[in-house]
Amino acid sequence: MSSLNEDVDESNHIFYDPVTLLRPVSRAISMNLDQLNFVTVLLLSFGLGYWFRVQFCDASRTTRAAVTTSVGLIFTYFCYGNAIAHLFINGFGSYLLMVSVPPQHVHKSVFAFAMGYLVLIHSYRWMYQKTYCLDVTGSMMVAVGKITLLASAITDGMGRDPKALNSGQKRDAVKEVPSLLDFASYMFNFQVFYENLWLRSSSATTDHSGTVIVGPMNHYSTWSAFLELKHVPKNEKTGKPYDPTSTAMKKFEAAIAFSVVYTILGSYLPMSLTNDPSINEYNLLIWWLITVAASTVHRLPYYFAWTISDSICNISGFGYDGLADETLEPKWSRTTNVKPLLVEFGQNYKEMVDNWNIWTVAWLRRVVYERVEGPYRTLAVYVTGAAWHGLAVGYYFSFLTSALFTLSAATFRRCMRHRFLGNSMHKLMYDIFGMLVSKFAIGYIHWPFYVMHFWPSLFMYRKLLMIPHFIALFIYLYLPQIFSPQPKSKITGPNASATSVNTDRVSRVIQTKKLISEISQRSSSRTSAIDVSTRTALEK
């Protein structure tokens, strides 16, 4: 495979036609131009995020939208050049559907157009593109997610009965189609500038590349509040909006640490060790430990890209997610796309999956799972996720296997977990067992996603004789017949206590609101209302 420090193929210009200003630098430091452009944009975005938050803290909605859009488009052109046309066609074609199609059908028509265009690009790229590079398909993937989230919100806000919506759909519903400028700022803003980073393996035995999609996606309602300066409330002590600088810097430092560790360990623990003949001579346990270690190192570039993107959002004042219950410190997790510790040390498979690529999971839940009726919703989610990634058969092996493991893990939890809650030691053993099995499952599922092609994907399955598949299928079909699942009406342990705590909390909030209302009514006949500090104290 040719280096991207050389001239790319003419066919690549369809999806990759970057500004080559930094080519001499890339050659001097032996770094691929696509990677150098990507890192440059990320570092500039972090600095510009701080500048934007300080400089435009009192600017109008139109000014804030125009600035974020302009900077985002410049960065997009810097990385993709004329290939930016695909983002325009997909984005503004979907916008035309939003303004012309009846609201109750907007989510279906936009989903069909946006996903169809993405699959078309995936198809062409898979058949004809011979070199790997940072091309526009990665940004198209995140753009499709954001477009379909907005289309679903328009349908919820303008085309459905509010009584039929769940709490999340009500919160994020859009009551009118955004203006063209607001839509452009939502799609192209530099805070959630989306990229496709091709991280090349340094292993001498393979030239395969992995992908990292940087977003994150987000709901239009959140972005709209950000433009309107309503996203972050004011700190009662300072009278100014909560400051995200400390949190953003911590995330930025963590991202740099992930990058450094990957740079050190990546060449020693490439994913290609899994099918390396010399490694396969070891016994099954040693082979699997090496595979788990390589898989963990392979996730570090994802942690870097998603964490630094989150820090860019935060430093610009975007991503506020309320106050922590115990400390009342501001949380900046609305744009968080991964929680590395919960991925690596989650107590069960669901916990690991829920904390990996968080916004893609949220997107699939809102756009697919909540709108597909019947027993095939989980299957529809994983098939959509595979098609969204591309046409490589390895994606479908991974996502269909993940669907089976998700169902079997949920079945096992319903049938077995409540039997271990009565004893703390038994509960600890159950949690350790769940973590070990989940680490095994992630490595087993991840391999076809990494190699992508049909026959290499089968290596893991043949080596383990597909026994994990058979175990998962047995658990899903027969475990409930052996160990009866816990009835939902008899939830015990932490879940029950959490439910009780939530009920008490809601009751106290209702009582407090009634008290405030009564005091307000009594004081209305007087010359002044309740002092703001008194109201705040009562609410707390």
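Yeah, the Cβs are placed from backbone N, Cα and C, and that goes for glycine too.
These features come from TrEMBL:
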| type | residues | note |
| --- | --- | --- |
| COMPBIAS | 530-540 | compositional bias 'Polar residues' |
| REGION | 520-540 | region 'Disordered' |
| TRANSMEM | 36-53 | transmembrane segment |
| TRANSMEM | 65-89 | transmembrane segment |
| TRANSMEM | 109-127 | transmembrane segment |
| TRANSMEM | 134-154 | transmembrane segment |
| TRANSMEM | 254-273 | transmembrane segment |
| TRANSMEM | 285-304 | transmembrane segment |
| TRANSMEM | 386-407 | transmembrane segment |
| TRANSMEM | 428-447 | transmembrane segment |
| TRANSMEM | 459-479 | transmembrane segment |
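Residues 12, 15-16, 18, 34-35, 37-38, 76, 79-80, 83-84, 86-87, 90-91, 94, 97-98, 103, 106-107, 109-111, 114-115, 117-118, 121-122, 125, 169, 172-174, 177-178, 183, 186-187, 194-198, 211, 213-221, 359-360, 363, 366-367, 371, 388-390 of the same chain sit 6 or more residues outside the transmembrane segment (134-154) yet have a Cβ under 8 Å from a Cβ within it. Distant neighbours of the transmembrane segment (459-479): 274-275, 280, 401, 404-405, 407-408, 411-412, 415-416, 440-441, 444, 447-448, 451; these residues of the same chain sit at least 6 beyond its ends, with a Cβ under 8 Å from one of its Cβ atoms. Contact between the transmembrane segment (285-304) and the transmembrane segment (428-447) is supported by 3 or more Cβ pairs under 8 Å, counting only residues 6 or more apart in sequence.
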